[in-house]
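First up is the structure itself, then whatever we jot down about it.
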Amino acid sequence: MWQVLACGAVVFPGLFFAFRKVLPAVFKHWTDADVVLVSERLVSSIHALMATTAGVVIVSSCRGNIIYDRHWLTTYFVIWYGVPYMTYDIFAMYLSHYYRYHVKGHEDYKQHSLRTVNSFVRREFLLVLHHIALLTILLPITLFFRKDQGDFFIGCLFLTELSTPFVSLGKILIQLSLQDCWLHKANGGMVLVTFFVCRIALFPFMYWMYGRHYAVPLYAVPFHLPLATNLGSSCILAPQVYWFVLLCRKGYRLYRRSRGPPDAIDAAAAGSKED
């Protein structure tokens, strides 16, 4: 009973609902779009902290033999928290998309419909695809196809969530009109660092660890692995590289705007909040 009550199918929608009730009482001038956006980001941060903690525990416990060492948290977290969160987050992203256009008075967003769902999928196609890929690829691999091996690498994949709280904090600071404060700038640096280390450099690290275990040089590891493994890694890594490039471009634009005249800075701040 306690497992059912604690699992992600209850925890994440419950937190989202609670934040949607509490935030309007604290920030009375916020629109529905503001409340849903911040609620989604807060829940994402909570899940990211849980996943990162699980990843640290698993990786630190499976360093002896990275292929055969096991930790119960690997499968448990994927089933009880990973899958429910990814499913919930698709819905939460849709709500955020819907209310963003609803409060602007768009004709197509007066009520939920297949048209609003289709618009969401088209605008957020890469994110939706990313979530669906994790549900349809990571879950079966974790439960059925890895033959109880590689808990270390599953733990490493959990560590990719470390950048999420910083990304969410940046959105929340913009929502609070604090995009010009030092905290927002410092957080932007942390976004770039954690995103690169945990979502991009992590993959060469995993290949290196695999090569070290089997005494295979790094450049030869892809040829030592099954094709499906390389394809899966590429499918996960490719959108991370794309998003990292977008983050770098956005950071560079903000840096240039911060060095411009005051009027330009005010216009940039208004534009950032609108995004």
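Yeah, the Cβs are placed from backbone N, Cα and C, and that goes for glycine too.
Keep in mind that TrEMBL annotations are predicted by a computer and have not been checked by a curator.
Quick look at what TrEMBL annotates:
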type: DOMAIN; residues: 33-256; note: domain 'TLC'
type: TRANSMEM; residues: 42-62; note: transmembrane segment
type: TRANSMEM; residues: 125-146; note: transmembrane segment
type: TRANSMEM; residues: 186-207; note: transmembrane segment
type: TRANSMEM; residues: 227-248; note: transmembrane segment
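Per-residue confidence over the domain 'TLC' (33-256) averages 90 (mean pLDDT, predicted model).
Long-range Cβ contacts of the transmembrane segment (42-62) within its own chain (Cβ-Cβ under 8 Å, at least 6 residues beyond either end) map to 8, 12, 15-16, 19, 69-71, 73-74, 77, 81-82, 85, 88-89, 92, 151-152, 154-159, 161-165, 168-169, 172.
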